[in-house]
Amino acid sequence: MAGWTVCVDFLYTGDKMLEDACAVISGERVERVHTGGFRGQPDLDLRGRSSLALPGVIDMHVHLRGLKLSYKEDEVSGTAAAASGCVTLVADMPNTQPPLRTPEALREKLASLEAGAKVDYTVYAGVPRSYGEAVEMASMGIAGFKIYPEDLVNLDSIKNVLEAAEEAGILVVLHPESHDMFAGPDYGWLRRVARPCHAEAASVELLHDAARECGCKPRVHITHASCPATVVESKKRGFTVDVTPHHLFLSEEEVAGPTHSWGKVNPPLRGVGERSLLTQLTIEGLVDAIASDHAPHSTWEKWMHPAIAPPGFPWLEWWPGFTAARLMRAVGLERFYSMVSQTPSTILGVGDRCLWDGCPATISVLQLERTRVYHKGYTKALYTPVLGMESFDCAATVIRGKIAYTAWEGVRGGATGVLATRVVH
């Protein structure tokens, strides 16, 4: 599309709010932003819809599945779901099949994303077998390495990753749980007891100690913290930390009954008390980012007995609007923007997120009219514990100057996403 214009009711530039504003887009950049209407008919006119344009939303934690797990989700369906939810960039996790623990598997995943992604993307690698593989994978344009609880038993491999990440200037991301502290039945109302909060905080301390032992100082990020103590421990150690919408807004009592596997997720949903404290820490500014942990499965898998059903549920079609409807008033627009856009971009190292003259034309437009969560038909995961709950919706998604989605046309065709580390900022 040549130079074109989008107009909205409200536009947040990254430091101030404008009303009845238009952005003139030329190529992949915002040429100028102005208020007071537009002479003629804008190419994309979203006024009169309670529309709010923000610098593009980033999701630091998604599972697009793909490869041999494409029956759950794939790179096309997952990124289409992201576009429909106003997410402009996703960071894909490595626990697919084969797991992204070798350069060969990582190349296959990157090729699949290049062929099908409808939003921009980056990837985390798993913990490889050797330091040499870690160095090679760190040079392949990844966002960082992901450490899972089962990886923590091999500290030599962890130290290899810490060293390689520091050398390459990329992230080390930790799933904060320690398996050796799990106890009891791992399903239903007992999950938060079986996977206790102190297992989260202990894993953060363990990773900090491993980094100290090897003399490494990589950038460490703690993802999907479900407990207040995990957030506090992370900040104490100088790590960044994110939380998920489900840990902020759902409690075990609401959706994780003894026969209900739709709400089964790792780390588990907590009680009302932990959830309230986690929300308070978020409001107070201790949480750096919101990330979805979009973790799709087939419907038949989630109808299995809760003891064996896989953990996780889909979020990409809805989480920005769902979160904005519940949190934006409490934290303010500036803080909300920081947690879903600017700070994730800084942590991932993918360039600034702003919306004024000269900024990248990557824009999320939320519609601030309450609706209810429904299946939009993009993700392959046709279940969610938040079905029917109130939410804002996505009006439009623009990625590097191209319209990826509008609420009335849906997701546009073609693979338009690129590896975020290759975007010129």
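Positions of Cβ are set from backbone N, Cα and C atoms, glycine also.
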Candidate from His198, His208, His224 that Swiss-Prot assigns to the same Zn(2+) 2 site as Lys146, His175:
His224
According to Swiss-Prot, His61, His63, Lys146 bind Zn(2+) 1; so which of Asp209, Asp288, Asp293 is the extra one listed there?
Asp293
Rounded to a whole angstrom, what is the C-alpha distance between His175 (Zn(2+) 2 binding site) and His297 (substrate binding site)?
19
Measuring Cα to Cα, how many Å separate Asp293 (Zn(2+) 1 binding site) from Gly312 (substrate binding site)?
8
Can you figure out which of His61, Leu64, Arg65, Asn95, Gly312 (the binding-site residues) comes closest in space to His224 (Zn(2+) 2 binding site), comparing Cα atoms?
His61
Quick check for the class: what is the C-alpha distance, in angstrom and rounded, between Leu64 (substrate binding site) and Lys146 (Zn(2+) 1 binding site)?
15
